[in-house]
Amino acid sequence: MKKTAIAITVALAGFATVAQAAPKDNTWYTGAKLGWSQYHDTGFIDNNGPTHENQLGAGAFGGYQVNPYVGFEMGYDWLGRMPYKGSVENGAYKAQGVQLTAKLGYPITDDLDVYTRLGGMVWRADTKAHNNVTGESEKNHDTGVSPVFAGGVEWAITPEIATRLEYQWTNNIGDAHTIGTRPDNGLLSLGVSYRFGQGEAAPVVAPAPAPAPEVQTKHFTLKSDVLFNFNKATLKPEGQAALDQLYSQLSNLDPKDGSVVVLGYTDRIGSDAYNQGLSERRAQSVVDYLISKGIPADKISARGMGESNPVTGNTCDNVKQRAALIDCLAPDRRVEIEVKGIKDVVTQPQA
């Protein structure tokens, strides 16, 4: 048992440098181990010679990590072949088994984990003996189940690759009456494991902020002669048809999120006061009609501009006849509509 205590001390001494954090939750791992296998309390019957209790041990294992603290492992262990000699009999003993254990761990740091395993091993033990007196040889084997206890530390080399330093103890491997011995075994091993599904999750990319809405301003000019009879402010049928066409264009600009200003203009025939009033009435007629079509009343306004800002300039100064002057000044008689609307900017998703 003194050797067992030494082995446990060596295992714990590796704590500071050989360890790993537990795998991610609900992932699988597999690995292999190699180390020093030592048999204890061998007590061979009719054996009074040397027994080679220290052997090479090895194994393979696989496991499922439930969470950082709990996992389950299943593995195969080769515990080594132990020769012995005596004055009457020489022989060898070997043992191997399949174990199933619960693995209880505790993370010390992001890369360091200390753990214990508790469970059982289904083993097979074989002996081969040669009688030095009679020259006869015999082979025997035994099977059974024994408890398994293990403790160790793990260290993450990479997210997928891990190492472990472990000491494992298995009780009573064999029946002395069947195979001549009933030893215990301590296995100090260094293992390497590969853990599946440890890749970093794809980073969550924050969606790009929605582009600021684009404000568009458009100007429309309608001839008053199309909208109204001369010197009148009541819309003609053809004027309503013209505004119907205009409304479809305004809808595309979404005036509900913008504003509409209707500007009425007259020519220079008549007094300034009269022309100002006529331009206001004409602008209001257009506003009323567009409101009836669906433009919100709080988003549209009328403004009379009178005879200001003539577009004909001085081209009609020499026209004296009234009918001809009315025709010449027709471009000045107009309704201008200024629309400021919100246009949604649609961005294409990146591939």
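Keep in mind that glycine also has a Cβ here, set from the backbone N, Cα and C atoms.
Here Swiss-Prot flags 1-21 as signal peptide.
Per Swiss-Prot, transmembrane segment is recorded for 27-37 (among others).
Taken from Swiss-Prot, the feature transmembrane segment applies to 55-66 (among others), supported by sequence analysis.
The transmembrane segment annotation in Swiss-Prot covers 70-78 (among others). For the transmembrane segment (70-78), same-chain residues at least 6 beyond its ends with a Cβ under 8 Å from one of its own Cβ atoms are 22-23, 57-64, 96-105, 117, 119, 121, 168, 170, 187.
Non-local contacts of GLU73 (site 'Part of salt bridge gating mechanism') by the CB criterion (under 8 A, 6+ apart in sequence, same chain) comprise PHE61, GLY62, GLY63, GLN99, LEU100, THR101, ALA102, LYS103, ARG117, GLY119. The site 'Part of salt bridge gating mechanism' annotation in Swiss-Prot covers GLU73 (among others) and rests on sequence analysis.
According to Swiss-Prot, the feature transmembrane segment maps to 96-107 (among others).
According to Swiss-Prot, the feature transmembrane segment maps to 112-120 (among others), an assignment based on sequence analysis. Non-local neighbours of the transmembrane segment (112-120) in the same chain are 15, 19-22, 73, 99-106, 145-156, 166, 168; each lies 6+ residues outside the stretch with a CB under 8 Å from one of its CB atoms.
As annotated by Swiss-Prot, transmembrane segment applies to 147-156 (among others).
What Swiss-Prot lists as transmembrane segment is 161-168 (among others).
A simple way to gauge crowding: the CB of ARG164 (site 'Part of salt bridge gating mechanism') has 23 other CB atoms within 10 angstroms, across all the protein chains here. Under the three-state DSSP scheme, ARG164 (site 'Part of salt bridge gating mechanism') falls in the strand class. Swiss-Prot lists ARG164 (among others) with the feature site 'Part of salt bridge gating mechanism'.
Marked as transmembrane segment by Swiss-Prot on the basis of sequence analysis: 187-195 (among others). Proximity of distant same-chain residues to the transmembrane segment (187-195), defined by a Cβ-Cβ separation under 8 Å and at least 6 residues beyond the stretch ends, is recorded for 7, 10-11, 18, 23-24, 27-38, 57-59, 61, 63, 65, 77, 79, 159-170.
Mean pLDDT for the region '4 X 2 AA tandem repeats of A-P' (206-213) in this predicted model: 74. For 206-213, the entry in Swiss-Prot reads region '4 X 2 AA tandem repeats of A-P'.
According to DSSP, CYS328 (disulfide bond) sits within a helical segment. For CYS316-CYS328, the entry in Swiss-Prot reads disulfide bond, with the evidence type sequence analysis.
Away from its own ends, the transmembrane segment (55-66) comes close to residues 22-39, 72-82, 103, 187, 189, 191, 193, 195 of its chain (Cβ-Cβ under 8 Å, at least six residues beyond either end). Highest Cβ count within 10 Å among the disulfide-bonded residues CYS316, CYS328: CYS316.
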